[in-house]
Each structure stands twice: as C-alpha cells, then as structure tokens.
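Q: Feature table excerpt (Swiss-Prot):
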type	residues	note
DISULFID	Cys24-Cys45	disulfide bond
DISULFID	Cys38-Cys62	disulfide bond
DISULFID	Cys64-Cys75	disulfide bond
DISULFID	Cys76-Cys81	disulfide bond
SIGNAL	1-21	signal peptide
Amino acid sequence: MKTLLLTLVVVTMVCLDLAYTRRCYNQQSSQPKTTKSCPPGENSCYNKQWRDHRGSITERGCGCPKVKPGIKLRCCESEDCNN
C-alpha cells in the first residue's frame, strides 16, 4: 500500500512538472502590469526597448526574439523576470 501511494505521488509530481509554463510580463511601455502564461516549451521572457518620435517604447512578452540594430533586448529565464 505504501509503495502504491509513493508511486502515485511521484507520478503526480512528474505530470505537474510537465504542465508547467513560464509566466512573463506582457504590458507595453507604461501601461499597468499584466502577465501572460507562455506556450508550453517557451522558457524565456523578453524586454525590448527602443526610441521613436513618441519617446521610449518598451515591449514585453514570452520568448527571446531577434531584433534589429538599435533595439535594446534583454532575455531572462525566471518567473516574471522581464519587468
């Protein structure tokens, strides 16, 4: 009985870990903070900053995109790390 219970606990832990998704901030510039659960397998968050005629623009989200020259990009791999 103890072996069965231990097996169920281990299986539950493994299944819960497989369903884990990264959470990142996704608000733009100075808008109120919001978060998003990333798609399965997406383990990083990004914070992208640039300047244009409106001033400093910030974009946040899941992943680590490629950017053009002149755009500052910071990628990270912990919960809510891209603020």
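Just so you know, glycine gets a Cβ as well, placed from its N, Cα and C.
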Q: Let me know the most crowded of the disulfide-bonded residues, choosing from Cys24, Cys62, Cys64, Cys81 and counting other Cβ atoms within 10 Å.
A: Cys24
Q: Name, in the order they occur in the sequence, the residues of the same chain whose CB lies under 8 A from the CB of Cys75 (disulfide bond) and which sit 6 or more residues away.
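A: Once residues fewer than 6 apart are set aside, Cys75 (disulfide bond) is near Ser44, Cys45, Tyr46, Cys64, Asn82.
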Q: Of the disulfide-bonded residues Cys24, Cys38, Cys62, which one sits closest to Cys81 (disulfide bond) when you measure Cα to Cα?
A: Cys24
Q: Please report how many Å separate the Cα atom of Cys76 (disulfide bond) from that of Cys24 (disulfide bond), as a whole number.
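A: Their Cα atoms are separated by 10 Å.
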Q: In whole Å, how far does the CA atom of Cys24 (disulfide bond) lie from that of Cys38 (disulfide bond)?
A: 7
Q: I need the least crowded one of these disulfide-bonded residues (Cys45, Cys76), counting other C-beta atoms within 10 angstroms of each C-beta.
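A: Selected from the disulfide-bonded residues Cys45, Cys76 on minimum Cβ neighbours within 10 Å: Cys76.
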Q: Suppose we draw a 10 Å sphere around the Cβ of Cys38 (disulfide bond). How many other Cβ atoms does it contain, all chains included?
A: 18
